[in-house]
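Participant: Input: one structure, supplied below.
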Amino acid sequence: FKGGDTCEYLLSSGRFLGEKVWQPHSCMMHKYKNSEAKNCLIEKHIVFIGDSRIRQLFYSFIKLINPQVKEEGNKHGNIPFEDKSASIKVDFLWYPEVNSSMRQRIKSWTEGSVAKPHIIVAGAATWSIKIHNGSNEALAQYKINITSIAPLLEKLAKSSDVYWVLQDPVYEDMLSESRKMITNEKIDAYNEAAVRILNSSSRNSKAKVKVFSVSKLIAQETIVKSADGLHLPESSRDTNAMILMNVYCNKIMKPIDGSCCQPQPPLTLIQKLAFCFFTLSIIGYLIINLIHRNNYRKNKPCTDLEGGEEKKPAISTPNVSTLEMLLHSFCKLGLIMTYFYLCDRANLFMKENKFYTHSSFFIPIVYILVLGVFYTENTKETKVLNREQTDEWKGWMQLVILIYHISGASTFLPVYMHIRVLVAAYLFQTGYGHFSYFWIKGDFGVYRVCQVLFRLNFLVVVLCIVMDRPYQFYYFVPLVTVWFMIIYATLAMWPQIVQKKTNGNCLWHFGLLLKLICLLTCIYFLSYSQGAFEKIFSFWPLSKCFELNGNVYEWWFRWKLDRYVVFHGMLFAFIYLALQKHQMISEGKGDPLFSNRVSNVLLFISVVSFLTYSVWASRCKNKTECNELHPSVSVVQILAFILIRNIPGYVRSVYSSFFAWFGKISLELFICQYHIWLAADTKGILVLIPGYPMFNVLVSTFIFVCVAHEISQITNDLAQIVVPKDNSTLLKRLLCIAGFFSGLLVFSAMQDQSRH
């Protein structure tokens with residue numbers, strides 16, 4: 001990939017995704033809202049100067065500021081527009097020919113006494129072709145006139161943004177008799193002349209008139225829908241206006257999903273320190289490795305030439321030290337983080353917008369389901385939600401979520417609602433798994449807590465540092481972390497009620513149920529008291545973790561969306577373990593979970609419930625209303641799936657090793673996709689191989705999965721070192737971690753101060 005200026009690509013090349021979505025070459029285009037357009041153009045003066053085609057572009061542009069504007073007024077005269085609330089002034093000046101009149105108007109802006117417009121959009125040619133009946137003399141005069149205007153435009157380009165709009169092709173079959181002389185051949189000749197003259201005049205000048213040639217490409221696809229064969233349909237000119245807005249505003253507003261025309265963000269202090277740390281780790285590991293290799297060569301067995309026997313060295317090769325393992329892990333992690341940075345922070349690789357079609361979502365889903373069924377094996381145990389089964393469940397859910405993200409399926413509400421259930425199912429497993437562990441083991445030690453917190457948060461903390469993103473940006477990890485701490489606090493606080501204690505006295509079950517009722521009450525209160533919730537998480541330093549864009553609303557919204565499902569998971573674990581203890585369920589290989597009659601009834605109810613939820617989700621019309629109901633009803637489909645998966649003995653006895661493999665690295669897959677599979681913080685798609693979408697997805701997916709697997713191994717290795725079982729050593733490590741985060745807070749405060 002050659003690289004280059006994304007502004008050049010935005011103005012000159014691209015393609016349609018579907019019928020209306022324009023995809024610039026190599027970068028992503030942001031769709032500006034009215035409020036964003038006003039914020040960008042506040043106190044700006046924009047001038048459109050040219051013919052009726054430029055007038056069309058003028059109207060599309062001002063509708064981005066005020067959609068209520070109607071196309072009224074003198075078509076062959078000047079049209080003013082002003083937005084007083086933002087002090088924005090946009091004028092259309094009627095100059096249908098490139099002649100002395102246009103030159104005089106442009107010259108007036110170069111004189112010191114007149115205020116220069118901040119943006120100038122100019123273009124004209126079709127009137128010259130029409131009035132002079134397409135004569136060669138008119139083309140020659142056009143060249144002379146544009147040659148005289150070019151230096152003036154260059155002078156303006158030193159302080160303003162100047163765009164010359166090339167002429168769009170026409171649909172000759174639809175042209176009226178009075179316009180038949182406007183042919184595509186003539187238009188091409190005029191465009192070639194304009195490009196040659198404007199480019200030649202800017203060779204010796206730093207300021208450059210930007211040639212707006214992308215409109216030609218858009219028109220080639222859409223001019224057949226024109227009402228008169230000359231003027232573009234509304235959707236096409238709206239696309240041109242949005243391109244203009246992106247060219248000017250992206251560098252000012254810096255939208256996440258608008259990578260076109262955005263400069264590479266400067267390295268922060270924390271990023272520079274991280275770079276130094278990883279560099280030193282790589283150097284340290286290489287030095288230790290060289291020393292070990294040198295020692296190995298010295299102690300290498302040598303062959304006795306006379307006897308033909310090997311002489312064994314006196315010193316055996318030492319085992320891998322903790323320091324070497326630590327440096328090796330950080331060495332690999334440093335290389336991986338470099339790849340992350342290059343993919344989603346450096347302007348090295350291309351990024352493209354997502355575009356949803358039903359086939360782009362459902363065909364990959366069918367494909368992975370077939371693969372999953374193909375890799376079917378027997379489970380080691382046949383308990384409900386055994387380890388292989390939960391890994392399988394996490395695996396296929398994660399693959400579906402990945403396909404959902406890369407295909408942009410969030411725009412299709414029924415798919416969105418089903419994906420919400422999958423996210424809820426992850427949290428259900430969090431409640432089920434952690435409750436089961438604490439209930440059965442009764443282990444509330446610091447080691448267990450630190451192990452879980454380290455495995456959940458290690459990758460995200462590193463990414464927050466390297467990618468300069470807040471902790472809340474990776475919302476799922478804060479969610480499972482907080483819920484783990486809530487589960488731990490609920491069960492660990494006095495009185496600690498575990499299975500061993502209830503074996504002696506059944507009344508302890510009621511004590512546990514009382515705890516769960518108190519938890520449910522707290523959840524209910526916080527979900528309907530946004531103020532109380534925000535006060536809790538707005539205290540420093542908690543606010544540093546849970547704020548996004550200066551407030552904790554996003555965190556409240558994410559927490560509220562699945563507020564009951566962890567409780568449901570805990571309650572299900574309690575009921576299941578109670579039934580298991582009293583031998584009310586049969587978990588033998590091939591045996592149904594209950595008696596045949598009860599199993600059949602429950603299976604029927606589960607299938608009906610599962611389908612009922614799907615029908616309801618498919619009929620959802622409003623995302624806000626459906627999100628309000630989701631916390632209460634998502635458990636229906638989750639429980640239905642668990643029963644369908646576990647009641648029949650044969651189904652419970654097998655699992656998909658394909659899905660289970662992905663399930664073991666599901667957390668890493670979910671987090672890594674943000675930067676090395678998707679792009680622009682999940683808003684777009686990473687393009688490693690331009691021009692070959694399917695091949696690009698295959699290559700980027702292969703790298704993405706390998707990286708996620710490698711990070712999973714690194715996390716496991718570091719967890720053994722950073723979180724040891726020995727309590728005194730663990731305490732020292734915790735003090736070091738506390739010092740690290742204190743330093744991080746100090747550097748973060750310094751960064752914030754320098755930004756302000």
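One is the number of the first residue shown, and numbering goes on along the chain from there.
Cβ coordinates come from backbone N, Cα and C, glycine included.
Automatic, uncurated: that is what TrEMBL annotation is.
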Participant: Would you please say which range out of 329-350, 395-416 has the annotation transmembrane segment in TrEMBL?
Facilitator: 395-416
Participant: By a Cβ-Cβ criterion of under 8 Å, what residues six or more beyond either terminus of the transmembrane segment (269-291) are in contact with it?
Facilitator: 323-324, 327-328, 330-331, 333-335, 337-338, 465-466, 468, 744, 747-748, 750-751, 754
Participant: Helix, strand, coil residue numbers for the domain 'NXPE C-terminal' (22-92) per DSSP?
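Facilitator: Its residues divide into 22 helix, 19 strand, 30 coil.
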